[in-house]
Structures are given as C-alpha cells and as structure tokens.
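K.L.:
Per TrEMBL, transmembrane segment is recorded for 34-55, 236-256, 263-281, 319-340, 360-384, 456-483, 504-526, 604-627, 639-661.
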Amino acid sequence: MELEEKKPDPKYGDSRKFDPNFKGPLHNRGCTDILCCILFILALLGYFAVGIIAWSQGDPRKVIYPTDSRGQFCGQAGTPLEKKPLLFYFNILKCASPLVLLELQCPTTQLCVESCPDRHLTLVKAKLGSKEDREYFQQYCKDGVDFAKLSPPEILKEGLCPAMLMPSKAFTQRCLPALGTMKGGVVVVGNETTFDAGQGYNINATDVLEASKKSNVVIEARQVAMRIFEDYTHSWHWILLGVVIAMVVSLIFIVLLRYLAGIMVWVMIVLVILVLGYGIFHCYMEFASLKGEPGSDVTIRDLGLQTDFSVYLQIRQTWLAFMIILAIVEVVIILLLIFLRKKIMIAIALIKEASRAIGYVMSSLFYPLLTFALLAVVIAYWAITAVFLSTSNEQVYKVFNNSDCEYSRETCDPKTFNTSNISAQCPDAECLFAFYGGETLYHKYLILFQFYNVFLFFWCANFVTALGQVTLSGAFASYYWAFKKPDDIPAYPIFSSLGRALRYHTGSLAFGSLILSMVQVIRVILEYLDHKLKDAQNKCAKFLLSCMKCCFWCLEKCIKFLNRNAYIMIAIYGKSFCPSARDAFFLLMRNIVRVAVLDKVTDFLLFLGKLLIVGIVGIFSFFFFSGRIRTMEEAAPSLNYYWVPILTLVVASYLIAHGFFSVYAMCVDTLFLCFLEDLERNDGSAERPYFMSQNLLSLLKKSNEEAKTVD
C-alpha cells in the first residue's frame, strides 16, 4: 500500500533511503565522541579529588555546633563543653542582625552555656545581691572569675562578664533576646519595655529589636517550622500510605492504558474536566458560605503574613482567588480540547502503540528506579562535598576593642596576644574568634572548588538523565523495528540497550549533557546576580538581566528537546552526538506538521494523565486530613496545618506520576521518530514493507489528511 508523500525541503537534508539490511538499532557500532569521554572521565577524577580534599580539610562540626570566642565547639561530645550546647553573647546590641549571629561574626565575647538567661539581671545587682544571684550570673562569665576579689568595673574592664543579662530564647543553638509585642505594638523583652544596662543607663526594648531587627521574623518562621515538623511526625504514616496509593493508581493507570488506551484517554479527559469543575464548585460553596461572617471581607493584603495559615481560609477573597485560578485552567483545557479534537484521535493511535510497546518491554517501567537511585547518589555527593568545602576554612581571630586602637580588626593569635604589643598599646582590646577563612593557596581557590562542585553536579545529573533516555529509546526502537512482534524483539531489550549506551556512547552522552550543563550554570549565575541586584535602582540593568534570564531559559528548553531526539538517534544508529542531533533535527523539520499534530498533542494528553492522578490524590487527601469524611474523622490525625500533608502528597504524587509517564513519553517520542524513519525508508510494498502496525497505518492516513488541510 503506497502512500503519497510531500516532497521534503532540500535544505533539511535528503530523506532516508531503503536499506534491506536495516532491522533496528545497529549492533555493529563503534565508540563515539572519545575525546569528550576522556574529558568526562578526567572531570570525574578531578571531582573525586576535590571531594577528597574537601573531606580532609572540612569540618562539618562548624555547621552543626556554634563556636565560642576561643574557636571551641559548643555541645560537642567528648569535650569539656559537651553539656554547654548554647552560645551566649556578652553584648547582643553589638550584633547588627541575626545573619551576623548565624555567621559567628558578632564583635562581642561569645561563651558556651548550658541554658539561656530567663531573667533580667545586671552585674552590679548580682554582685550586691544574694548568693543565688551571684551563682546564676557567674555561669555566664568566663571561667575563673572571682566575684569576691574583683569589683564590677574591673570585671567589665577585663571583659570577664557581661554587663547585664536579659531574657533570651534558644534559636539555632544561640541565645537571642526573647522579643515580643504587647497590645498596641509595644516591643518588649521578657515583658519589660526598658531595663538597666548595668553601666549607668537604661536600654529600650526597641534598641534590642533594632540590633536584631530580623529576629522576630526568624522566630516566627521557627514557630511555623516547628509546627510543620510536628505535623509531619503525626501524619508521616498517612503520607507514606498516600504515596503508596499514588504509586498504585499510577501503575493501574499505565496497565489500563496498555489494554484500553482509547477508552482511558477519553476517561482521563472527562475526569480532569470533572475534577477541575468540582474544585470550582467547592471554592464557590466556601465563598458563598462565608458571606456575612464577621471578618470574612478582610482582604489578603490587609491580613498580611500570618503564621496560622488557616486564617486565610476564613476570608472570602482566598476562595475567590482559588475559584478564578481553577476556572482559568478549566477554560484553557476545554478550549485546547475543542481545537485539538481531530488531532486527539490521531494521537490516541500513537498512545495505543506506545502501550503495546511497554507491554512487551515491561521492565522499562522499573528503569526510573535506577535513574532515581543514581540521581540520589549524585545529589548526596554534591551536598556532602559542598558542606565540607564550606567548612574547610580555618579559624580567624581579630582584635576587638571599645576605644581607639590602630590594630582594631587586625588578625591576631590568641596564644601570643597577651604578650604582644597590641595588648600593651590597647589595654581594653581582645583577640576574639571572628569567622572562618584563611589565606593559604587552598583558601584562595576555594570559590573555584565550589564552582567546580556545582558544575560537575549539573554535568553528572544530566548524564544520568541522558543515560536513561538512551537506554529506554534503544529498547523501544528494538520493539518498533522488530518485523515479527514479539518474536524479533531481543530477550532483554533494556539491559542490551543499557550495555550499548555505556560501552559505546558514554562520550556522546557526556557531550550532550555538557552543553546543557553550561547553559544551566549560566542560568544559576544570572539568578545569583539578580538576587544581588534585587535592591538596585538601575532599571536598565534589571531589564537586561531579565531578558538574559528569559533567553537562557528558552535556550535550555531548546537544548533539552534537541538532546532528547539526538539520544534517540544515537540509540538507533550509534553515531556521534553532533551528527545524531543534526539528523534528528532535519528529520523533524522534514515532518514539522506531523510533529505538531502528533507528538505535542500526545505530550498534552500525557500531561492530563499526570494532572488527573495529582487531582485524585489531592482531593481525597484534602477530605481526609481536613476531617470532612465522617466515617474516618477519628482516624485523621490532629494537625496544626492540614495542608502540610496534602501539599506533600500532591508534590509526591506528581513526581511519581511523572516517573511512570516519563517512560510513556520516551516511548512515544522514540516510536514517533522511528515512524518518520519508516515512512521515509519504505513504501508499503512487498519489497519495502512498513514496520509500523495497522494502527499506525491508519494514523499515517489521517496525518496526511491533516497535512493537506494545513497546506
């Protein structure tokens, strides 16, 4: 059966010629892109070397434990400070912001303590007060302070004790002022608005707030984080059950697609519309039920940022926003379905063929587990190396003083400081731990090591993704080019394809992933610059930066598309990356109408499948965790924020559905390119029969009709 074909544009190359010996992925192939393979291996060896250097120089304890003025770790097991896990600041007012505290660069004496102060007490009052006050105050002084022999001025001059204590709370193992607000917005510390500084003057609570101006926000965030963590501890087993249900639903959906592809696609379309429609209906009912309720007409802007997110569900504007968003999504999907109604029938035939291919290569459904495991290893290695690199700096001590001193903020050595000229010329100066740094050759190039770590992370992650794409495309191409299915399909198509990819095409995979990684690193740099210029007033620079971010985002998407199709051609023909990318691009351009008619419509239908699974899991989890299912109301855990497990399950179900449907998407893309190759190689005659099935023959007829309609 010969079908009429439109003559391709010669600028996109010649069509494939008939080859009686071609029967799918070539087994007689050679190594490709050897130079890039060698470069990738050398880069990995360098990556391992950076990791070894980082692990030998780094000390994660600098992240885990706070460090006092002597550079000792608070709360570290096996040390004298094991029972003193918290860091106390002598004069918190010298700290500009909590960020300074977290970086351990506050210019005041820092001491490891067992607990934070819970009362206001000055040094003078402790000196003149009871024995209990003296003992309580002395635990926040340096070791060896004798209250009986030294007067308060002498103690303060030597920097042995703080001038005062104020009520504090532990945050990230550091004692921060217990800031709060009373009615009217009055700032208080431990229910006091002013208190004695212990040096002849009073301090307002607002001064403390200014010194740690962001601590209120941080503490609020900590409270939210603790509530979220508490919700996870109460609902983790239900979340795990929901993840299992999402996996089962995804697997059932894939299996049903195998046998009932046409019916399942239409069921999927109808259910997506119904799920979104129910979401709109539910939002409207909530919006209507709040009419006339006290406080329900408050706007989100007037409400501001609240730590109790359930407050937002008590105002009508929230449900109105949800309803509008869902309505827009519903209208867009319905309009797309109306305009693509003829093309959907064509795409269903391709999905049926993909279902048949996956049915013969069932092991492909489990391959994403290997990809996930390899990506987990890459992410773990990058994260550990980054931590060790960031903690591989040495302790740097600086001169801190209250009066004028020419040596102020200079580097010093605490071991020899008391015998140096600095202490003689500046009697009130101290040599205190300032931060982690260093001036050695290693520390000078530390930023390059961090950049190398990030770059190799992208390269390795993209390589793992490319390996999965080549492996799956090779297996599905073996299915397509098997003339007698399933007799001509290899016994272990996944393992055979994986072996060919690793043995012959490591260099090509490294080449493609290298190009993509370079673009991604540039995007990271642009995001970093955008963050730095966020408060800049130069609108022209902001505009240019936004344009560059948009351009590189588009470039990344284009490269991903080209790489994906190039890997399919590599799996089939075993050529190098550049010739494969060129052949794939020219093949798609010679059949650009079919690309729009079939491939993209099929991707849209598969996206609806993901959306359906996410919607089903999200709706059931909403009713369960919000306690709206009366029969299971007692089984539902009591939570601070019931949206925490719901949002977690929605994200997890999407990732699971994406993992299963990514196999389907790769199968569709591979079959589509093979279909175009088959169309150019053969004519359906007895001498040159098509490898495609009867479904795809019907697909071809309809595709030709669509192409003529477009022309």
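Including glycine, each Cβ sits where the backbone N, Cα and C put it.
I'd like to know what surrounds each of these features in this structure.
P.N.:
Nonlocal intrachain contacts for the transmembrane segment (34-55), taken as residues 6+ away from its ends with a CB within less than 8 angstroms of a stretch CB, comprise 381, 384-385, 388-389, 392, 442, 449, 452-453, 456, 459-460, 463, 506-508, 510-511, 514, 577.
Sequence-remote contacts of a segment are chain residues at least 6 beyond its ends whose Cβ falls under 8 Å from one of its Cβ atoms, and for the transmembrane segment (360-384) they are 51, 55, 251, 254, 453-454, 456-457, 460-461, 464-465, 467-468, 471-472, 475-476, 479, 485-486, 489, 492-494, 659-660, 662-663, 667.
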K.L.:
Thinking of Cβ pairs under 8 Å, which stretch from 319-340, 504-526, 639-661 has the most of them with the transmembrane segment (236-256)?
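P.N.:
Out of the listed stretches, 639-661 contacts the transmembrane segment (236-256) most.
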K.L.:
Apart from its near flanks, which chain residues at least 6 from the ends of the transmembrane segment (456-483) lie with a Cβ under 8 angstroms of it?
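P.N.:
For the transmembrane segment (456-483), the nonlocal Cβ contacts are 22-25, 40, 43-44, 46-47, 357, 360-361, 364, 367-368, 370-371, 374-375, 378-379, 382, 489-490, 493-494, 496-498, 500-502, 505, 509-510, 512-514, 516-517, 520-521, 563-564, 567-568, 570-572, 663, 666-667, 669-671, 674-675, 678, 689, 691-692.
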K.L.:
At a threshold of under 8 Å on Cβ distances, which of 263-281, 319-340, 504-526, 639-661 pairs most often with the transmembrane segment (604-627)?
P.N.:
639-661
K.L.:
Checking distant contacts: for the transmembrane segment (639-661), what same-chain residues at least six beyond its ends satisfy Cβ-Cβ under 8 A?
P.N.:
227-228, 230-232, 234-235, 238-239, 242-243, 246-247, 250-251, 253-254, 309-310, 365, 368, 372, 606, 609-610, 613-614, 617-618, 621-622, 625-627
